[in-house]
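K.L.:
Below are the structure tokens for one structure; questions will follow.
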Amino acid sequence: MLGLVSLKMLPLDIMPEMEFPSITIITIYPGASANEVEEQVTKPLETILSAAEHLSEIKSTSKENVSFIQLSYSWGSDVTSAANNARDLIELTKTKLPQAAHQPIIYKINSSMMPVLAYAVNAGVNYNGIENIVEEDIATVLRKVDGVGTVVYLGQPEREIKVSVNPQRLSAYGLSATQISTMLKADNISVPAGNINMGVYDFSVRVPGKFETVEEIGNTVLKAFNGQVIRLKDVAKVEDTFMEKEAFARNRTGESVALMIQKQSGSNTVAVVNAVRAKMAEIQKTLPSDIQVHEIISTDEVVTQSVNNLTSSIWYALVFVTLVVLMFLREWKSSLIIFITMPVSLISAFIAMYAMGYTINIFSLMALVIAIGMVVDNAIVVLENITQHIEKGSKPKQAAIFGALEMGMAIAASTATTLVVFLPMLFMGGIVGIMFEQLAILTSVCLIVSLFTALTLTPMLSSKLLKEAPRNGKKQHRSKFYAASEKVFTKIENGYKLLLGWVVFHKSLTIVIAFAVFVLTMIVGKNIGTDYIPDFDAGTFSVVFETEVGTSARQTDSISQQILQIMLEDIPEIANEAAVSIAGQTKTGALTTVGFKEGKNVGTVLCHLTPPDKRDRTAAEIAGAIRDRVESIPQIEKCRVQGGSALAAAVTGNKRPIEIIVSGNDFNQLNAVASDLQEKMQAEKAFTDVATTVDPGKLEVQVIVDKEKASQMALNTAMVGMQVRQNLYGAESGDFSEDGNDYGIVVQYAPEHRNEVNKLKEMQVSNLLGQQIPLSAIADIVESLGPLEIQRQSQQRYVKTTADLNGVSLGEATKTAQEIIDNTEIPDGISVEIGGQVNDQKSSFSSLFLIFFLGIALVYMVMAAQFESMKDPFIILFAIPFTLVGVILAFFVTGITLSVTTFIGLIMLVGIVVNNGIVLVDYTNMLRKRNYPLRDAVMEAGRSRLRPVLMTSLTTILGMLPMAVSNGMGREMYAPLGITIIGGLLVSTLVTLLLVPAMYTSLYHRTLAKDRTTARLKKQRQAENKKSLE
């Protein structure tokens, strides 16, 4: 009951909750170039943040208007404490940041930052009030839904009061834009002036001055002389309009507002999505009829389908395991005893999941699938031994006691060998440790409970349900099926006995043949590719592109529209026309916080596909089908077309498979090397979507102030710079309030006076005396190129050349990339290294290799303690190398590679394959203690343990089979694990039944000689006794 209650309360998710040991700091600096952001914001923050505790790496990206700094910490660090430490350090450097820079915002990175649901809100292009509707009627309501963390939206038109100044009229009246801004602030204010006390009455005095209409703003008096009043509308055009959009979103219907919902950490993804959908249905009823809301992205389908596929695998595994037990035992009572152990063991995992705060995800369900075939092993061994005692004449109760006691140490040791293999996994750091921690813990819980039930519940049920064997020569009544199947099993046993006899008598030849097969397989196995974490087809398809540097966000949006149309035309697999495009750059870096790349020349087009089992093409095949058409769009300079899972990208930190990092201080050399690498990689068939972060530079205009001339005219660089910024970018000059909402008032030169370089030369700036000085008189106007984006790592600039894989493994691609680097001339002062998923793969594989060999050592120690021998564990471990033969053959047959997932399966095999060997060697030792000769003991142990060995192996193999052959959502993550274990176990079972006895006989050959001497002496004594009797 407790387990079922726990199951009902467990949340659903696709992956375990992951909090990455990193934080991102976003600082907005409006109107600043990438160079200015780097020098004035990024560098000061990097300098102070480099002193952060437990910091392992610091990276930064400086773009127009915004600085991104990512701090990475050691795995296991407290991210909350790290964020607090970073916040304290930032406070120390706030005075060094520009006044116009916003307060830095700190984001903790975790898996819940990925949107679980997204909507497109469609209305007119400049629909009046759409921003308020999205914020107040939709986003605010959705934020109150249980489990919702954040609601982010973009692409909305934002209302503002724009004061477009005519500089010629300003000059004529001796005014400046700065004075206008100051006067607007002074006139748009309400001042509390105190109180008047009149006896029993008390009056508050207030001077109201806030603008009540837009017309009132235009009538603001700026100057009065000679009886003439100069108003704002005389020198500027006052418009109630919208800000210039820098971020666009659109769907099939047209331009829209993209609304993305993030869940709270630890919340049930499916429950949150369903709750948001229900609330959105209510909201839509209250919206104006000309506003439409369309769902475009959801993650609940990925979660439910992945969970349903693995749940189906669990049920199929239960059926297969039950059939195996019935096939071997052929009695419903014996089968019932075994079957009862399965739900008891599995339900215990739900209690552990609830107690430890786990979710139902693909890794926790993988643990249950793996456990199904293993939890019955102990019960099978014990029941088989109890049955043999009953057949030899023992009463069920006595047989239950003796059977459990005899096998107790053996099954405890076999369980311990599996558990000790999982133990090192718990201490593995990194993303792999987080992903597989639940699998290790839950499988261990199931095995521990299965051991307990095998030693308690199984003997108890056997004593009650099994009957004692007939006495006085009576035959026990058996069904026809039992009799027929018994003949089959007897033939199998006799055939095995003959084969085992040959192996025992030709042990050296057998071992040599086995060793030759192993060496040959290892040589062939060198051709197997390696990968990192499999990218599974979760029904997500995306195109990320970049246009020419300097392209406006609106122009980038028009390219997005073309790609969106291509996808709608060429991809019939799009589910419910769920496609959306996002282009441009948000002011707050909102797109970056939800995993998107942003920039005025950057666009992303996404679509949601039908489930994998309902389409003929994979997401990767769809990507290949439309890649050429997308890349043929002339305005696109960089493009990445990919099908897969956005969540898988988040797990890998959005790193591409191959990233060649070129570091140094000379930007020209960096760009030259990275471009050379890009050209060479594009010529290789192993790579696709090759790109580089080489920045061709954006055309910029520099105002070089002549400080001496400026000083002579009562000006300085700061005064000039601030006035130029205000005239071009605009100055916030208070707010206009209407219906409880505030809208910014922005003063800037009219477009016709600021969108040409020549107009800049004609600009006037005010000096300390209020005089208007031509900008050209005190400064040179120079056109040059400036970077659009500056990336830094460990406080040093770098550029990257990146690529996806074109049908090759990550290992093959890495070799090719390294060859390209070796054949590239690298200037002094420039360093080149391969990064991306390759580094993560190396780190993970290094840890997994250590765990693999540590697991073997721990298994050996457990067996050495059990057998009190150094030989017996070595004999059993002899099966492990040959497990690799089965794994490699399985890889070749199925076409999978050595990845983190398959490596985990290989480690698990270390603990699984020795179990049968333990039972076999333990029983052999028991027979020898009963004075069986060596060969007789080996032969009898093999014959006697054949059925339990086959049963336990088949239950594990068939338990894994549904997971291995699944073709549903998420199969790329769990099917390779099942294939690895099945392949290794098939060969290891054969090794256990044949090579382990051969090794046992070889290592105890001295005992064999002793047995022969004893037998010869016995025959001599018998012969002598016979002669004496004669």
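Even glycines carry a Cβ here, placed using N, Cα and C.
Annotations for this protein, taken from TrEMBL, read as follows:
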TRANSMEM  313-329  transmembrane segment
TRANSMEM  336-356  transmembrane segment
TRANSMEM  362-383  transmembrane segment
TRANSMEM  404-427  transmembrane segment
TRANSMEM  439-461  transmembrane segment
TRANSMEM  499-524  transmembrane segment
TRANSMEM  844-862  transmembrane segment
TRANSMEM  874-897  transmembrane segment
TRANSMEM  903-925  transmembrane segment
TRANSMEM  946-965  transmembrane segment
TRANSMEM  977-1000  transmembrane segment
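Each of these features: where is it, how hidden is it, and who are its neighbours?
P.N.:
Here the transmembrane segment (336-356) has Cβ contacts under 8 Å with residues 2-4, 6-7, 9-10, 318, 321-322, 325, 329, 364, 367-368, 371-372, 375-376, 378-380, 383, 438, 441-442, 445-447, 449-450, 453-454, 457-458, 461-462, 465 of the same chain, all six or more residues outside its ends.
Within its own chain, the transmembrane segment (362-383) has Cβ neighbours under 8 Å at 14-16, 306-307, 310-311, 313-314, 317-318, 321, 325, 329, 334, 337-338, 341-342, 345-346, 349, 353, 403-404, 407, 410-411, 414-415, 418, 435-436, 438-443, 446-447, 449-451, 453-455, 458-459, 462, 908, 912, 915, 919, 948, 951-952, 955-960, 962-963, 970, 973-974, 977-978, 981, counting only residues six or more beyond its boundaries.
When Cβ-Cβ distances below 8 Å are used as the criterion, the transmembrane segment (404-427) is approached by residues 374, 377-378, 381-382, 385-386, 433, 436-437, 439-441, 443-444, 447-448, 450-451, 454-455, 458-459, 850-851, 854-855, 858-859, 861-863, 866, 904, 907-908, 910-912, 914-915, 918-919, 922-923, 926 of the same chain, each at least six residues removed from its ends.
Tertiary proximity for the transmembrane segment (499-524) is limited to same-chain residues at least six positions away from its ends with a CB under 8 Å from its CB atoms, namely 881-882, 884-885, 888-889, 892, 935, 938-939, 942-943, 991, 993-995, 997-999, 1001-1002.
Using a Cβ-Cβ cut-off under 8 Å and counting only residues 6 or more beyond its ends in the same chain, the transmembrane segment (946-965) has close neighbours at 310, 312-314, 316-317, 320-321, 323-325, 328, 366, 369-370, 372-374, 376-377, 380-381, 384, 489, 492-493, 496, 912, 915-916, 919-920, 974-975, 977-979, 981-982, 985-986, 989, 992-993.
Counting only same-chain residues 6+ beyond the ends of the transmembrane segment (977-1000), those with a CB under 8 A from a CB of the stretch are 366, 369-370, 496, 499-500, 503-504, 507, 510-511, 514, 875-876, 878-880, 882-891, 893-894, 896, 901-902, 904-906, 908-909, 912-913, 916-917, 920-921, 924, 938, 941-942, 946, 949-950, 953, 956-957, 960-961, 963-965.
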K.L.:
Counting only pairs at least 6 apart in sequence, do the transmembrane segment (844-862) and the transmembrane segment (903-925) share 3+ Cβ pairs under 8 Å?
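P.N.:
Taking Cβ pairs at least 6 residues apart, the transmembrane segment (903-925) and the transmembrane segment (844-862) are in contact, with 3 or more under 8 Å.
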K.L.:
Can you tell me which parts of the same chain pack against the transmembrane segment (903-925), counting only residues 6+ beyond its ends and a CB-CB cutoff under 8 A?
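P.N.:
Those are 370, 374, 377, 381, 407, 409-411, 413-414, 417-422, 425, 436, 439, 844-845, 848, 851-852, 855-856, 859, 863, 866-867, 872, 875-877, 879-880, 883-884, 887, 937-938, 941-942, 944-945, 948-949, 952-953, 956, 976-981, 984-985, 988-989, 991-993, 996-997, 1000, in sequence order.
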